[in-house]
Each structure stands twice: as structure tokens, then as C-alpha cells.
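Annotated signal peptide per TrEMBL: 1-16, in sequence order. TrEMBL lists 62-115 with the feature region 'Disordered'. Per TrEMBL, the feature domain 'Peptidase S26' maps to 517-596, 607-644. The active site annotation in TrEMBL covers Ser541, Lys585.
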Amino acid sequence: MLVSYIAWASLGAAFTLVPRHGPGGDHIQQPPHKVALLFLSRGSLPMEPVWKEFFEHAALLRQPPGSSPGRKTWEDGGGQRHARGKDSAASSIDRIPRASPHPGGRSAGQRTAREAALPQDLRALLDESTGLLRLPDTQAMLSSDKAAEAHDTHNELASGSLEAPFSALSLLDPQGPVARQDLFSVHTHTRAAFAFPPDSVFAGTQIDRRVFVRWGQYSAAEAMRRLIIAALRDPRNQRFAFLSESCAPLFPPAVVHAQLLADRLSRVSLCPQHGKAAERQAWRWGPYLHREGLLTKVHWRKSSQWLSLTKSHAEVVRRDDSLWRLFEQECYSYEPGGGLPLPPYMRAVGRSASARRSCVSDEHYFPTLLAVAGLQNETSCEGSLTFTHWAGGGWSPKVYRARDVGPELLRVMRRGVWETRECPVAAALASAAAQHRARGSWAGLGLPRELHHSDGDPSPPGYQPMPDRCMLFARKFAPDALPALLRLGGVCDQEGTAIHPSCLSQDMGVPERAIWFAKAAAAIHVFRNYVAEFTVPIGLSMSPTFNTHGDVALLERVSVATRSIKVGDVVVARSVQNVRHIVIKRVLGLEGDVVPLPGSTTGRRVAVVPKGHVWLQGDNFHNSTDSRTYGPVPYALLQGRVFLKASWGVEVHADPDWEGVLEAVGLVGSCIRRSGGQAKVSVIAAGVCSSSISTPSS
């Protein structure tokens, strides 16, 4: 009984999905920490096939149970998907005050000209009362970059607003790789009128209440703020990484996840600048930014927008209620003469400008905010997690094409183009892989195991982190570089990115192998003792039903447990004379039945089967020791009912009562006779399959 209990407990633990609490609530296995990947994109991501392999790989990593990312969408009466109400990602803080949308945004003549410039397929969406375009109601237009750009350009000018009046959303595929993996939560900010198609790996990841993003304007920083606010909804997110639409990972998911959690500092540059960098930083400062008690030049900082934040720093961004308003009003880029126009939302409230201004909010807002909060010692001097090469000068970085992509470029990108020290890639790859295998093997049993340090540090123990100067992602890749990046992802050592799912090692370590065997042993024990098992009859007592050799009987234990044994059933029981021995007999009487005794041919010598007993006899009456010798057999000694007999080289018989069950699992349904190397099939009748089976001659 004790062995059975232990086996049941072991099997239950093997399939446990929710870890058990120990006495007093100690040693509770917490779900793993997650990393929020925040994509800033105009529409479809050209590197999506790379990211699909990345998330497919992450979905195969065996992780402890935890909540999966989900999305919520709404549909109006016309089937349009958009955000509304207080459930949006941006509703937890006050929104930017702005003027009411102006129908047409300008004079009637300007409005008419703007509407006339609309593509024909968008004109039907125009609301004449507001001059705004509704969201398209077809998936083809929602997933079109060109249609979304035309839609948003019109609505931005018509509304004079920073925030889009509508935000298209798509549904998350619960079977997709993003939903099945548990390392990252994924959030994207795209054009408001764009929605990923259902088969996209990014479907269902868009945040609602998006803004009209223009390069060099505050709207880019506001989009990043809203991504953080959306990601903070998941309490498991501990790191927040901003990624470009043209970037690709340089490491497999296990390393990216472990490295970002191991980073103690936010990857934002708050270090004092020197030389040309200091001059460029000071050049972007202007007296219009000075606010006594809020922002002075001593706090002015510049960093790459492709940064990562710790959770505490992300909370600083969410709680900010002052600095973002100053940046919204004063930090923008403007070129007189129309080269870079004033943002429409500023023109709508009567703002005008005559002098050139260069203030890129997405590069200044986050480092300046952390400097104002006095957190410069909690950030790195590298200021980025994405490799970008600015050697050519100008406003855009170097674009890498297919001919550039290879192991040498990967090595340079990981360490940085100006860095001479190599990153310890091999150690990071090996330790991250080992850490995830150990997590999967122990978590599958629901055993207590500390996956993170007890002092609140989210870094995974056992992982050997790289310095924060080592880059985890890289940009800017041209679309024609996609095949080369996919080939690099299939290289599973440090010469490649190893993001392809095939690079995930399936080898089990010694502890995991031992646990697997323990699970298998427990499952076999439970099946044999409570469901069914095979037995080999020996002897002549059941002849001719069973032969003296070569027969195998499959018995089920359900009928005995439910006390549904009937007269005529063949059963296996422990011997009354020696309970260590097993016998196979046929039931000829149940409790209360009257059965004839040995030597009686007229039926005058009979016995009544007492309560809780059965009468067992062998089919070979003249050579069987059974109830005629030792009397009725207690029901408790019955082990199971035989429902299938397999005769090696002779025949196969199935109990008619079990025909449907056996047919469903493919055990019965046809007999195959092989002769001369050819198979002939004869359909069985009445649930009995009888066929000579011979081995083809060699």
C-alpha cells in the first residue's frame, strides 16, 4: 500500500502544472522573471522571419509554469478593432492636454485639397462631420503599410493631435510562438491604422492608444513611454528593452534573457561626455528647456534610444508627471522653409517657430529623466544594447546588406566596432543553456528550486554574464540581408546566432535522466496495478482456451474494481492455497449462485456461493485444481479480467465486449496473414480475430 501511494504521488508530481506549497508556505517556486521586448516600428517588421525563429526557439525552452502574455481587443458594431475606454495601456496617467480636433484642421480649401489627395479606397472611410478617417474594416488594408501611412498622415493633420483617434489591434494566436514562450513579453508600437495580419508572429502584441510618430519629434519618446506603461502591467517583467524594426538578435533567447536579467545597471548613458560628444550634447541644449526646480543644463544627457531599463527605472518613467510635459512643449526639431515642419499637434494649439531647433526627445528624455532623479550611478556608460555603426556621419547609421553578414561581422557587432576586447561568448552560451535545462528538469516535477536569488536580484544563478559593453542586438539590416541572417541563425556555435529551434540541445543531464526514469517507473507501476497488464498462462488447466506455451493474456482491472465480473469471464486471481501464486480460471458462479459439486451428474450435489466470493474452475475439468478442490474464492483475491489473448504464431482472440475499445486503439479490426511476403487482410466478425500468422520465407 505504501509503495502504491508513493507511486501515485510521484506520478502526480510528474504531471503537476502548479508548484505545491511547502509547510508554512516556504520554498514556493516562483514563476521566472521576464524581459519586455519593446518594438518601435512604423508597420510590418522586415526582420520578422528572424524573430519568428527566435520566439520558436524560446517556446521550446522548458520553463516553470507561469502566465503567458495575452492581448485584449474590442470590436465595434462594424467589426473594426480598436482601443477604447479606460482599459488602454496609456490610461494610467494623464494624457497630454491638447486642443479639440478641428474638422479639417485648417481652412475649407486646405481640407478639400487634403481629402482630394486621399487614395480612392480610403475616401469611403471619411467622416464628413470630423474630417477624420475611420479604421479600415478589411484585413488587407489594415495590414498594408502604404494604406496605414496615408490614413495616419491624413488623421494627424485633420485632428491636430499627438494621439491617434483610433488604434487598430489584432488578435494574439494562443498557439503562436509568442504566446507559447515564457521568457519575454512582447509589445509593439506601430502606425495607428496598421494591424499585423493574423499569421504574423507579432499579431496581438500592439499597444492601444498609439501616437503619430515623427522622426526628431517628441512623439517618438511618447511612444516609448506608452510601451513601458503597457509592459509594466505584467508584474513579472524585470527588464525593458527597446528594439528597432530593422534590428536582429545576436544571441539565442536563453542568453538574451539571462544577460538582461544579469545586468545590474540600466543600459543608458548618463556618464559625463568629453570632447566632441560633450560639444554635441551641449549644442542640443537651449535656454528654452530651462525650468527652475525641474531641469537645468547640469542634468542634460544624451543616449541611444535603443536602451534597456531596470524595473525600478521603468517605474520612474511611469511616475513622471512633469518632465515629459516640458519635452512635449519644447523638445522638437524644426527646419525653417519646410525642410522639417513644426509638428501638427503644436500648430493646432497656435505654436509657431521661426528659428531652427534640434532636440531629439527619444535620445534625451530618458537619460535626462534619470539624471534629474539622481540615478546616474545606476546606469552604464555604454548606453545601448543594440549595435549601430555611425562611422558614415549624418542622421542615419550604416545599413548592412546580405554581402556584409557573416561570422566576422557577428563578432564585431557583439563587442562593438571600436572595442578591442572580445566578449566571453562561449561561456555565456554554455552557462545559459545549462541553466535552462536545469530549470526545466526540476520544475517539471514541481520540486522546490530557487531559480533566482532570494534577495530580490532577478539574475539567474549559474549564468556567466558578459560585460554590459557586449551588444545583444544589431541594426540596421536591409531586407535583402534576411536570408543571410537566417543562415547565421542555423549555426549553433559561437560562429552563429544559434536562434534556430534546432540549436536547442535535447540532451538530458544526469539528474534529468534519473528523474525521467523515475517518472517512467512510477507510470508503469500505476498502469500495471490499477489499469491493465500482460500475463503468460502456464499449465493445462485452461486448455484448450489457453495453450501450454506461446499465449499471452491481457487483463484489465477495472471490472474487478467496479465489481462488474460476470459468469463466464476468464479472470486472474491469487491462489487460495498460496497467495504468492497467480492462477487463471473461468468464473462459473457469483455470490448466491448454486453450482454443482464434483462427481454430480444430476445436479443433486450442489453448493451455494457465499457472499463476497466467486466460484472458479478451469476449462480443462479433468486437469484443473480449482474451487472444486478448495471451495469458493474470496472476491478480494481477484486481480483482473482477461479481455485479450494473443497466441504467438497461432491466433488472436478478443472479448466481444471489448471489441469497440480495442478497435479504437487499433488492436482489433483486421487480421493480417502473410504468405510469401504478401499481406492479406480478412475482416473479423463477432470481435474474434483468428488467423494463422507465418513468417515470410527468407
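Placement of Cβ uses the backbone N, Cα and C atoms for every residue, glycine included.
With a cut-off of 8 Å between Cβ atoms, the residues of this chain six or more beyond the domain 'Peptidase S26' (607-644) that come close are 532-533, 540-545, 553-557, 559-560, 563, 565, 569-577, 579, 582-598, 652-655, 657-658, 662, 667. Long-range C-beta contacts of Ser541 (active site), restricted to its own chain and to partners at least six residues apart, with a cutoff below 8 Å, comprise Val583, Ile584, Lys585, Gly618, Asp619, Asn620, Asn623, Ser624, Thr625, Asp626. DSSP labels the residues of the domain 'Peptidase S26' (607-644) in these numbers: 10 helix, 16 strand, 12 coil. Residue counts of the domain 'Peptidase S26' (517-596) by helix, strand and coil are 18 helix, 26 strand, 36 coil (DSSP-based). For Lys585 (active site), the number of other Cβ atoms no farther than 10 Å from its own Cβ, over all displayed protein chains, is 24.
Along the domain 'Peptidase S26' (517-596), the predicted structure has mean pLDDT 87.
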